[in-house]
Amino acid sequence: SSELTLSVSCLQPSCFGYPLSIFFIIINEFCERFSYYGMRAVLVLYFKYFLQWDDNLSTAIYHTFVALCYLTPILGAIIADSWLGKFLTIVSLSIVYTIGQAVMAVSSINDLTDGNRDGAPDNLSLHVGLSMTGLILIALGTGGIKPCVSAFGGDQFGDHQDKQRSRFFSIFYLSINAGSLLSTIITPILRAQECGIHSKQRCYPLAFGVPAALMAISLVVFIAGSGMYKKVRPQGNVMVQVSKCIGFAIKNRFQHRSKEFPKREHWLDWASEKYDKRLIAQTKMVLKVLFLYIPLPMFWALFDQQGSRWTLQATTMDGNFVVLIFFPPYVCLQQTVNPILIIIMVPVVDAVVYPLIKKCKINFTPLRKITVGMFLASLAFIAAALVQVQIDKTLPVFPAAEETQIKIINLGTSGVTVQFAPQLPSVNVTSMESTGYTMFKASELQTVSIISGNKTLEEQINFPGGERHTLGIKTTAEGIVTHWLFDNVTSKPDEGNNLIRFINNLPDAINITMGETAFGTLRPLSATNYSLFAGGRKDDITVIRNLISCSAASEALGFGSAYTIIIDGCTAEKLNVVYSEDIPPNTVHMAWQIPQYFILTCAEVVFSVTGLEFSYSQAPSNMKAVLQAGWLLTVAVGNIIVLIVAGASKLSEQWAEYVLFAALLLAVCIIFAIMAYFYTYVDPNEVEAQLDEEEKKQAKKDYNVYEKQADAVSQM
C-alpha cells in the first residue's frame, strides 16, 4: 500500500540532516499560498468592477468565500485521517484547487461573451456562474489541504529529529508569509495591465491566471517528491471520536433524565458506559477551551475586512506614493502592509515588548494577551472610521431625483452674468473661468438670462431631475453663443481613475489625442465625451489644427477626478489649455490607512499567535487537531458575522458601520475578559500522568482479582 509507514527514516534521502522530501513540501506551500493570496488580493475588485456588483454584494460574497475556506479544513482532516491519508488527500484536493483557479481565470476573460466588442461582457450570468464554480472548487481545495500539508511535513522526521522538525515549521511558516507578501504585490500589478483581443481592459485573466499556474506548479512539485515521502497509514480521526463521545453523552443523559437516576459530576460522564475514562477526560479539557472560543469569531469579523471594506476604502483615497510609482497604489499599499508588519512585529513583540512587560512585574497571561488583541482590533476600526469621516467630507454631492446641478464655463474674453429664473440669484463669471456645480430644484429651472456688456440672451430650459449639466458661454462680435453639455457622471470614477473630456474653444476644427486615447475631430465650441484615464499619471496632449501639431504634458490630475480641458490656443510652438474641475480628486492620502493597519497587526500578533499557543498548552497531545479545527472554525464564523451584521444594520454611512463593528467587538471583549477571569489553567501532561497512574492501579487491581479467581479455580 502507498500508505505504509517507512519504519527506517534513514532510507529517506537527506540534505544537511533534513529529509530531502521537506524541500518539495516547502516549495509546494510557497506556491499554494502565492496562488491563494494572489487571487484573493484582487477578488473584491473583480466583483465590483468586472461583475459590476455594488460594495455590499461584493463584501458579502467575499466573506462567504473566506468562511467556506475555513469550514472545509474539517472535511479535509476527516478525509485524510479516516480514508485517503495525507498524501492522497493533498494530491486529490490540489487537483480540485488547480481546476478552480483555472475556471476563475477563464471567468474573467472579457472577450468570452463580448460579441459586440464594446469592452463589456454581454452575458454577465455566464461569468458569474463560472466564477462562483471556481471559488467553490478553490475553497474545497485550499481548505481541504490546509490541515494536511504542515502535518505531512512533520511526518517526514524521525523521533530523533525534534530540532530539525522545529526548524522545518519555522521555514514552513516563512514560506507562507513569503508567498503571501509576493503575491499581494505582484497580482495587483498584473491586474493593472491592459489586455484583451477586441478591447483593452483590466487584465483579470492574467491576475487570476498566474495564481492558477503557480497552483499547477505546486501540484507538480509535490507529486515529484512522491518517492521520497514517508506516508503514514490513516489511523482514524480524533474529531470523529470526540463528536461520537459528546453525542453519546447527550443521548444517554436525555434517556436517563428521570430523577430516579443519580446525577453525575459532569454531563460528559454519561458517556462512561461506552467510552473509556481517558477519552472522556481529554474531551472535557478540549470543551473547556472550545467554550472560550465562543467570543473569538467577532475578532475575525473585523480582521478579515482588510480584504473587503478596507480595500474599497483605499480606492477612494489619494494613492500618490513616490516609492511605489510602478505599482497600482490603491491596492498595493493596503494588501502588503499587513504581511510586512507581521514579519516585523512578531520578533519585536517576542523579543522586546513581552520581556519589558515581564520586567514591570505584570502577569501578562495568554488570556490577557487575547483580550488586549480584541481591544486593539476594536481600536483599529475606530481609526478606520475616523479616516472614513475625512474621506466623506471630500466626496462631491450629486443631485437627488428632484434636483439638477448646473456648472458654468465662460469661454469668452469678457465677463458674463448669468441669471436662472427671476427669483434665483445671479452668477458672475470672469473670462476663462468656471463655477462649481450649483444645486437647483428641477421644477424651478425655467429660463436662463445671460448678460455680457451690452449683449443679452434669454433661453427657455427644462431639465429632468437627478442630472448634471454644464453651460458653456462665449461672447462674440455677433452676440452670445451657448453650448449645453450633459454631464452623465453621477459618482466618482472607480479605482482612482480620472475622467477627461475636451472643449474646442478655437475657431477651427481640431484633432485631439491624449496619451494613447484618440478623441477624434472636434468642431468649434463642441465637446468630446468623457474618457477614462489611470490616476496619478501625466499624459501628453497633442492637438492638430490646420495640419499644425502642438502638444503639452497634462497636469498631474490626481486620483478619482473628472476634468473638462479647454483647448484655448494652438500654435507651432505652444498648446494653451485651461482646466475646469468637474469632480475633485481624492485628497485624503492613503498613508492615513497605515495607523489602522498597524494597530490591527499588533492585535493579530497578540491575539492569533497567543491563541494558538494557549490552545495547544491546554489540550492533550492527541487532541490538538480538534482545537486546530475549532480555531479555524472561529475564522469561518467571523466571516459569517460580517454578512449578518452588514446585512442587518442597514447603515447608510460606512463610518457608522465601522463604529458598529468596533462597539460589538468591545462588548465581546468585556465578556471574554470575564470568562477569562474565571478560567483555571490546567496542565494536560499532569492530567494524563494522573490518568496513566489510575490505569496502572486499575490494571494491577484487575490482575489481583484475576489471580484470586485463578487460585480459587486451582483449589477446586
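Note that Cβ sites are derived from N, Cα and C of the backbone, with glycine treated the same way.
All TrEMBL annotations are machine predictions without curation.
Here TrEMBL flags 6-27 (among others) as transmembrane segment.
Marked as transmembrane segment by TrEMBL: 34-51 (among others).
The transmembrane segment annotation in TrEMBL covers 57-80 (among others).
The transmembrane segment annotation in TrEMBL covers 87-106 (among others).
Residues annotated as transmembrane segment in TrEMBL: 126-145 (among others).
Residues or ranges marked as transmembrane segment by TrEMBL: 166-186 (among others). Residues 18, 22, 25-27, 29-38, 41, 150, 153-154, 156-157, 210-211, 327, 332, 335-336, 339-340, 342-343 of the same chain, all 6+ positions outside the transmembrane segment (166-186), place their C-beta atoms under 8 angstroms from a C-beta of that stretch.
TrEMBL lists 206-229 (among others) with the feature transmembrane segment.
Residues of the same chain lying 6 or more positions beyond the ends of the transmembrane segment (285-303) and with a Cβ under 8 Å from any Cβ of it are 242, 246, 268, 367, 370, 373-374, 377-378, 380-381, 600, 603-604, 607, 611, 614-615, 618-620, 623, 626-627, 630-631, 633-642, 645, 661-662, 664-665, 668-669, 671-672, 675-676, 679, 682, 684, 687. Sequence annotations record features per position, and here TrEMBL assigns transmembrane segment to 285-303 (among others).
The transmembrane segment annotation in TrEMBL covers 337-357 (among others). Counting only same-chain residues 6+ beyond the ends of the transmembrane segment (337-357), those with a CB under 8 A from a CB of the stretch are 177, 180-181, 184, 306, 364, 593-594, 597-598, 600-602, 604-606, 609.
Residues or ranges marked as transmembrane segment by TrEMBL: 369-389 (among others).
Positions annotated as transmembrane segment by TrEMBL: 625-646 (among others).
Positions annotated as transmembrane segment by TrEMBL: 658-679 (among others).
When averaged over the coiled coil (689-716), pLDDT in the model lands at 70. The feature coiled coil is assigned by TrEMBL to 689-716.
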* Asked: Does the chain bring the transmembrane segment (126-145) near the transmembrane segment (57-80), so that three or more CB pairs sit under 8 Å (pairs 6 or more apart in sequence)?
  -> yes
* How about the transmembrane segment (206-229) and the transmembrane segment (34-51): at least 3 CB pairs under 8 Å, pairs 6 or more apart in sequence, or not? -> yes
* Out of 57-80, 87-106, 369-389, 625-646, which stretch touches the transmembrane segment (658-679) the most, going by CB pairs under 8 Å? -> 369-389
